[in-house]
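What TrEMBL says about this one:
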BINDING   Ser69, Asn121, Glu166, Asn173, Tyr197, Tyr249, Val267  substrate binding site
Amino acid sequence: MNELNWSAIKSGLPGWMEDARGIAPLGKVASYIPELSKADPQSLGFHLLSSDGTALSAGDCGRRFTMQSISKVFTLMLALMDIGEERVFSKVGMEPTGDSFNSMLKLELVQPGIPFNPLINAGAIVVSSLIAGSSNEEKSDRIAAFLGRLAGGGPLELDEPTYRSESQSGHLNRSMAYFLTDNGVLESGVEDVLEVYFKHCSLLVDCGQLARMALVLSLDGLDPDSGDRLIPRRYVQIAKTFMVTCGMYNGSGEFAIDVGLPAKSGVSGGILALLPGRAGIGLVGPSLNRHGNSIAGVHLLETLSKEFDWSLF
Ligand SMILES: NC(=O)CC[C@H](N)C(=O)O
C-alpha cells in the first residue's frame, strides 16, 4: 500500500487551498433551498484521514454543514443491509442519467417509474422508502445512528432550519414522489418518505466526520479503530461504483478523468472522497459549479490527484 507523502501534502496545501478559494467566485451557492443560501461562498475546509490514523486538516474545518446528497450513498447501503440487493434493485436502477440531480426527464423513459440510479433525487427518495422501521422517527433515528457510527461517534444531529427549509421549498422532490407513487414504486406515503429523505439530507457533519466516513468506505466497510465490520464488503463495492459513475451527478465523467477517485457531493458544498485502502477525505466549499458540485472542492481534489498521482485509472 502506498504511503501518503504527508510532508509534501502539508507544505503544498496552504497554496492549493488559496488557489481553490480563488475560483470560488466563479460558482454560486445553492439558493433553491433558502437556508443553504446563507453559507459563505469563500469558505473552504479540508480534512484527510489515513488508515493508520494520521490526519491533516486545513481551512474552515470546524464548521458544520448539512450532508445533502452525500447521505444518499449511506442510505443506499443501509437499505441494502435492511432488505438486500435484489429488492433494492427492483425499485431503482444502476445507470447514470447524464442529467442534473433533480431532473425528472428520464423518469418516464426506458423503465417507466423506476429511477435510473439511487444517487439522483428520485432514486434516493425511493431508497428512503426502503429503510426499515415502524415509524418515520425510527427510520430517521436509524439513519442518524448509522451515519454517526461511521463518523466515529453517536447519532448525527439534525439541522432543523435546513430540514424545514427543504420541506417547505421541495416542490420538485414532492412532485417526483407523487410520480413515483402513481407508478407504484414508493413503499410509503409521499409525506412520510419525504420526511425521511429531507431529514437525512439535513444531518450535520464537519470535514473530519466526513473523512472518517470516507475512510470506512476506503477500508471496504471496516471500522478504522476497532476493525469491526460495519458494512458488508459487497455493499461498499456497490456504493463505491455508484460514486464513480454517478457520485458527482452529470459532472461524474469529467471528475473521473480529472480526479479519478470515488466521491460524492452535496449541494451544501460538501464532498466525500476516498483513496481505496489508504485514506478518506472530507471537504466543504459552498460555491457550486454548474453541476452542483463544490467548485473550489473539485479544483482542490484535482490539484491533489494530479500532484500525487491519486487517480485509480
Ligand atoms: N444535490 C443535492 O445535494 C440534492 C439534495 C437536496 N436535499 C435536494 O433534495 O435537492
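One is the number of the first residue shown, and numbering goes on along the chain from there.
Keep in mind that glycine also has a Cβ here, set from the backbone N, Cα and C atoms.
Whatever TrEMBL says is automated annotation, not expert-curated.
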Neighbour tally for Val267 (substrate binding site), based on other Cβ positions within 10 Å of its Cβ: 24
Binding-site residues (Tyr197, Tyr249), the one with most neighbouring Cβ atoms at 10 Å: Tyr197
Ser69, Asn121, Asn173 as binding-site residues, winner by CB count within 10 A: Ser69
Entries of Ser69, Tyr197, Tyr249 (binding-site residues) sitting next to ligand 1, with Cβ under 6 Å as the cut-off: Ser69
Cβ contacts of Glu166 (substrate binding site) (under 8 Å, same chain, 6 or more positions away): Ile33, Glu35, Asn173, Phe198, Cys201, Ser202
Ser69 (substrate binding site) in three-state DSSP notation: coil
Reduced DSSP assignment, Asn173 (substrate binding site): helix
